[in-house]
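In Swiss-Prot this protein carries:
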ACT_SITE  E35  active site
ACT_SITE  D52  active site
BINDING   K82, D85, N87, D90, D91  Ca(2+) binding site
DISULFID  C6-C127  disulfide bond
DISULFID  C30-C115  disulfide bond
DISULFID  C64-C80  disulfide bond
DISULFID  C76-C94  disulfide bond
DOMAIN    1-127  domain 'C-type lysozyme'
Amino acid sequence: KDIPRCELVKILRRHGFEGFVGKTVANWVCLVKHESGYRTTAFNNNGPNSRDYGIFQINSKYWCNDGKTRGSKNACNINCSKLRDDNIADDIQCAKKIAREARGLTPWVAWKKYCQGKDLSSYVRGC
């Protein structure tokens, strides 16, 4: 399903994302918009080596197990298919782990390209 922007803002605030790894909720909303278009079912194939799953586009090489990524680290200890359902609680735990280990949002290419260093106030405006 699509998670409406302001609902996502509420969910992220409730889960302590404001100020987490020094980033605002607006940064995360921008990341989600450009990674998955707010879709919980988002899927992206990166060729033979890995795939990205769910609203945060979590990668199968390092973070989740999809049964077809050779040498997957599965650092979030989760089946990738669980990252494409409507329950995003587990996605949130994994995304926080990724951000914590990176001390920021640099693992997400879309964040670096579209969000880093930009005015992101519009992502939370009116919520």
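In case you wondered, yes, glycine gets a Cβ from its N, Cα and C as well.
Considering only the disulfide-bonded residues C6, C30, C76, D91 (Ca(2+) binding site) has C76 as its nearest partner by CA-CA distance. Checking the recorded positions (E35, K82, N87, D90) against C76 (disulfide bond) with a 10 Å Cα-Cα cut-off leaves D90. Checked against C115 (disulfide bond), the recorded positions E35, D52, C64, C80, C127 differ in C-alpha distance, with E35 being the nearest.
Not a single one of the recorded positions C30, K82, D85 has a C-alpha within 10 angstroms of the C-alpha of D52 (active site). Candidates K82, D85, N87 (binding-site residues) were compared with C64 (disulfide bond); those inside 10 Å Cα-Cα are K82. Under the three-state DSSP scheme, N87 (Ca(2+) binding site) falls in the coil class.
Nearest in space to C127 (disulfide bond), taking C-alpha to C-alpha distance over the recorded positions C30, D85, C94, is C30.
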